[in-house]
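Going by TrEMBL, these are the annotated features:
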type   : residues : note
REPEAT : 454-487  : repeat 'TPR'
REPEAT : 496-529  : repeat 'TPR'
REPEAT : 538-571  : repeat 'TPR'
REPEAT : 580-613  : repeat 'TPR'
REPEAT : 622-655  : repeat 'TPR'
REPEAT : 664-697  : repeat 'TPR'
REPEAT : 706-739  : repeat 'TPR'
REPEAT : 748-781  : repeat 'TPR'
REPEAT : 790-823  : repeat 'TPR'
Amino acid sequence: MFSREPATHLFYNNDHNLENFTVVWLDADIDKTDDCHDTKKRLRIIANHLRTFCDADECIDYISSITMEQVLLILSGSFGEIIAPLIFQLSQITFIYIFCLNKIKHETWANHLLNNENKIRGVFTHKDFLLTQLAEDAKVLSNNMMPMNVFSLSHHEKSIRDLNKESAVFMWNQLLMDVLLRMPTSDESKMEMLTECESYYRDNAKELEKVNEFRLNYSSDAAVSWYTRDSFVYRLLNKALRTRDIDIIFKFRFFIADLYRQLQKEYSKFMERFTDDEYSLTVYRGQHLKADELHELKDNIGRLISINTFMSTTCEKGVASILAGDGSLSPILESILFQIQINTSIDTKPYANIKELSVMKHEDEVLFSIGTIFRIKSVEKATGTGIWSVKLLLNSETNEHLKVLGEQIRKETDGYSDLHTLGHLLRGMGEYAKAERYLRRLINDTLPNDPAMGKFYNDLGLIYSDQGEYTQALKYYEQALGIHLKTLGPNHPSVASTYNNIGTVYSNQREYSQALKYYEQTLEIKMNALGPNHRSVATTYNNIGGVYEDQGGYSQALTYYEQTLQILLKTLGPNHPTVAKTYNNIGGVYSHQGEYSKALKNYEQTLQILLKTLGPNHPSVAKTYNNIGGVYSHQGEYYQALKYYEQTLEILLKPLGSNHQTVATTYNNIGLVYKGQGEYSEALKYYEQSLEILLKTLGPNHPSVAKTYNNIGTVYNDQGEYSQALKYYEQSLEILLKTLGPNHPTVAQTYNNIGGVYLDQGEYSQALKYYEQTLEIQLQTLGPNHPSVAKTYNNIGGVYSHQGEYSPALKYYEQTLEILLKTL
């Protein structure tokens, strides 16, 4: 029996902000006067989430920890002059307000700090003026919250596993309404929402009045009216939709469904106005965007965007222009006027003029549903103004493909639950904590003996496996397996899927014999249940091939990869990204075997398919350029290698920016080329660029940082600067022992490098000590027939040879040869 876990409530934690911005107030004398208490009450009317501090370090730590909200920061005069310059550039802070006694004194340094930016909104000596400015800015920020997702679905994205993150986010929002509309609603769901809202706003009398009014007077035909009010409904719902917060979305499900249905009804009435087959309508939206959000639109002209909330627009350009502002908040916030062209004849999500239902009748509002798709036509700055004009076109051209993809995703989740579908997509987006919350909710709401429980525990295992938490993953997979065997029997495809996942955990833990055992059990069930030419059988062949490759069994790996390819060519055709991936794997094996012409041939086939199916700027194309560069580097063709690494870098810099881990890897590879050419200063330059990024993005104790220290060490070693080489190798080793443990192959490689330094210095006993440590780990983790073991035998033989001990030297050289004859 599996016990249910208790339901959780988030709202009782004062640190959990359900709105879009936080007011932070730093003042050494806070809470010491009645006036401070009155100011706090009035601030909570503007923004419910208020945090006060009298300690500057605690305040800065808190702001730095925020990931989802914008911060409006109030600083006392005494703190302001010291703290503001230190935190001025924190991205979490949108605006700063100086609240002090001496306006002239503090305006002097504040004006100097501004430096043509508008982050400091003023120096205030009277709280009424401060609160007025805060309220105006809060209104601007509330209007700015329009979460959108730029995307481009490929017709080769036919299941969850094919989706990249942006496509997964898009599909989540497309499926959300479909899921919520099918969920049953009741008075109980309304009470659940209101209870939580009362808890969240318990210190906010004004908002509690609105919650009570909702409780007493709400009906489904008032959904639009409530949504257009300045109230908890608008603020909490939009934050939840923007952040895909399952707890709030689930509690608001009855309201979201009411709002959508009312909009659907108004859409039908709205369409009756247009009798012609085609009628063009233009609506407008004015708001502010951060500079990076504006750049995303500018960089994606011609592509599609999905709006991930209910979006308000107006038929009145003048109303939208007022909301857009005049550009005076630039560069913190840019003024944007959206101009949206609608062809009323196309099939799309519902939208309608809600003027008669809205509390803001003067705005002549047109409301669009969640998941509406637009094409970006142009992004231009209006001449002589500070306002950007963004032209969008209402779009429906992806609907047929979306329908097919949506159906396939439901099949992949076995139709168990709508929530399961959304959770599955969240995992695909890398949002593991949210995906787990969905699954926990499903487990709580499902009977212990329901076969679906096996699927839910299996997916919990996948979440932990994706994050490298293999012990936890194994625990959940074994729970899943127990349920599947009881409820479905030993030969069901779901049993095979769980065996496969257990095999993957063991493979990642380098327990290869265990991994093979589970993959072979997977294969047996799949062959019987699905036949020998099913795509799922190909996946298992691929996984078995991966285990043999990791063990250095390259000929066996090649056999399995070729079986994979044979099936995929039959089932998917020659131009599918998964076929490309298999050519890539075959290329990798040939590269390991030193058969570089065959490796290149397979990598070029990979590239040809990816360019056709994913386009020239896809990360998978960059990865293939990187692999081709690696082959040329191994062959000593450094000019060609450099050309491909630079193509890799060019693609990666666009979407990832200059401070991404993958960019660091490419810098590292370019460094390897220069090292191979003997251009050590250039090699060091690129390794140091790589190191700088990795320290920023991963911190000082990450294996990738260790790898870069190792590479820097090799440069110094090649130049004969042995003490410097040893220093970097030891830094590398220290990190690896902390992060990977003492028995990892990468630790072995570092021991090997340290042994090499001692060998070059003629310190043979030290060299032998480190080579023997290398060998001990490799035999444990890679097995006795791996090419890396052969290299270590060769190095030990070299030490004995240098010492004139030819008999043991010969013994180790013969062991080297024996392995190489087997594997190559």
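Any Cβ shown, glycine's included, is placed from N, Cα and C.
A TrEMBL annotation is a machine prediction, not a hand-curated record.
Bear in mind that the values here come from a model prediction, so they are computed numbers and not experimental data.
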Top stretch among 496-529, 538-571, 622-655, 664-697, 706-739 for CB pairs under 8 A with the repeat 'TPR' (790-823)?
538-571
Cβ under 8 Å to the repeat 'TPR' (748-781), counting only same-chain residues 6 or more beyond its ends: which ones?
510, 706, 710, 713-714, 717, 720, 722, 725-726, 729-730, 732-733, 736, 742, 788-789, 791-793, 795-796, 798-799, 802-803
Roughly where does the repeat 'TPR' (790-823) sit in mean pLDDT, to the nearest integer?
93
Grab the same-chain neighbours of the repeat 'TPR' (706-739) for me: Cβ-Cβ under 8 Å, and only residues 6 or more beyond its ends, written as numbers and ranges.
664, 668, 671-672, 675, 678, 680, 683-684, 687-688, 690-691, 694, 700, 746-747, 749-751, 753-754, 756-757, 760-761
Summarise the repeat 'TPR' (664-697) by DSSP state, stating how many residues are helix, strand and coil.
31 helix, 0 strand, 3 coil
